Amino acid sequence: MSRECIAFDDKYPGDELHEECGVFGIYDATGETNVVQKTYMALYALQHRGQESCGIAVLDNGAVSLHKDLGLVPDVFTKENLAELGSGQIAIGHTRYSTTGQPYRFNAQPIFLRHYKGLLTLAHNGNLVNTPELKQKLESKGVTFSATSDTEVIASVIIEEWLQTETLEEAMEIAMFRLKGAYSLALACGNKLLAVRDPHGFRPLCLGKLGNAWLVASESCALECIGAEFVRDIRPGEIVVIDENGLRSITTHCDKHPGGICIFEYCYFARPDSTIEGVSVHRARIRAGKLLARDYPVEADVVVGVPDSGLDVALGYAQESGIPYGVGFIKNRYIARTFIQPSQGQRENSVKIKLNALRETVAGKRVIMVDDSIVRGTTSKRIVEILRDAGAVEVHARIGSPPFKYSCYFGTDVDTPENLIANQKTLEEIARDINVDSLGYLKAEHFPEMIKECSYKYCEGCFTGKYPLAVPKQHSKNQERFKFNITE
């Protein structure tokens, strides 16, 4: 049964950045863990990584039961359909926001493909940059596709290699030579669970333990929320194999690159209670705020953060500047995101419905408004208007990331450069457009200080236009054919 829902967007279309997915996997050879319940709870903790669709697949001695649909976790899953999933040794869960492929039910994950060696079940966070080439070669060999995302292409490549090898992990090891781009995977077949991270490590993936069960998740918060212990991050290029013999690691593709973790995971995507590559996301954002305060001091009466990612940055700014921190906005958390565009009138009111200024904090005050990013500028302009309507006499914007100028090709839904305000206008022009008295962005040169515990390099292509590997000239989640441009 498919579902459709219409709700207000919390921001204007194209004016908010979306992570593609959250993945989760659990394996308990003893069968003592309720893998369905744990996966369901973990998906709540990963809801911020994808709101278009979600799903859970359960494997019981090779048999697969699956439920997935469009919508948020509480909309898709009921007591009845969770019970229908049954029990098993393995479960894989997924939350999705599309960067390639449309938000249709057939693009929801996990997916499974049937072949003579069994049913391959897979969930994916990231985005390949060579999908068209891979798909064309597979189609020339008679492979057909039922979805439009790159996840089915990944699964088909793995199966093609598996037909020539003995084990799933051997197939995965060979397939990684062909897959180019970002992919953090949880995949399973029979009584075996694999967790895989691409050699650059664009997207996070970590390992946990709960009693007899091993777990993998996009973020550590999903482990902690179900009472599991965080063990470690899965290394870029690593294949973790979990079966009845325990856990082992394949490192053929490790240390081939200096790393490429998406820096925007720390600025925006990840939950503040997560730790990625040894870096507390909360602490990284506090540091960003302190660095902003040093670079862009201004006389003001109060510092306020735009919920949610701007709150920690605002706290850091207040701590460094000595200007009082205040609660400037009340967020309505009961407005769902939409995957069917509402009317123009609804869009114009959406930010006001989502956020309201706390008048007693900002009225008559010189306000420093701290947010995580500016994409098109439409949302920022409306938020500034809300503050001024509430009586703010000055509004100074401080942004916890550099100017967003370029597209992302590795798992973030970002508009084309011509629609990104920082790509088209100067700092002064942006300040005038959003009606602020001053504007300051975090400098990209501060990233090493912001995530100083991380031993890997990071991808900052959306800010600098320099990517760790070749990227398409054009990118849109609505198009499947790309022309490639090698960027040094």
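The backbone N, Cα and C atoms fix where each Cβ goes, glycine too.
In TrEMBL, the Mg(2+) site is described by Asp371, Asp372, and among Ser309, Ser321, Ser407 the residue recorded at this site is Ser309.
When Cys262, Cys267 are compared with the [4Fe-4S] cluster site residues Cys408, Cys459, Cys462 in TrEMBL, the one appearing in that site is Cys262. A helical conformation is recorded for Cys462 ([4Fe-4S] cluster binding site) in the three-state DSSP classification. Within the same chain, the residues at least 6 positions away from Cys462 ([4Fe-4S] cluster binding site) whose Cβ sits under 8 Å from its Cβ are Phe264, Phe404, Lys405, Tyr406, Ser407, Cys408, Thr412, Val414, listed in sequence order. Asp371 (Mg(2+) binding site) carries a strand DSSP state (E or B).
In this structure the alpha carbons, written CA, of Ser309 (Mg(2+) binding site) and Cys21 (active site, nucleophile) are 18 Å apart. Checked against Asp371 (Mg(2+) binding site) by C-alpha proximity, the recorded positions Cys21, Cys262, Cys459 yield Cys262 as the nearest.
Per-residue confidence over the domain 'Glutamine amidotransferase type-2' (21-245) averages 94 (mean pLDDT, predicted model). Within 8 Å of the Cβ centroid of the [4Fe-4S] cluster site, not counting the listed residues Cys262, Cys408, Cys459, Cys462, the chain contributes Phe202, Ile263, Phe264, Tyr409, Phe410, Gly411, Thr412, Glu460, Gly461, Tyr467.
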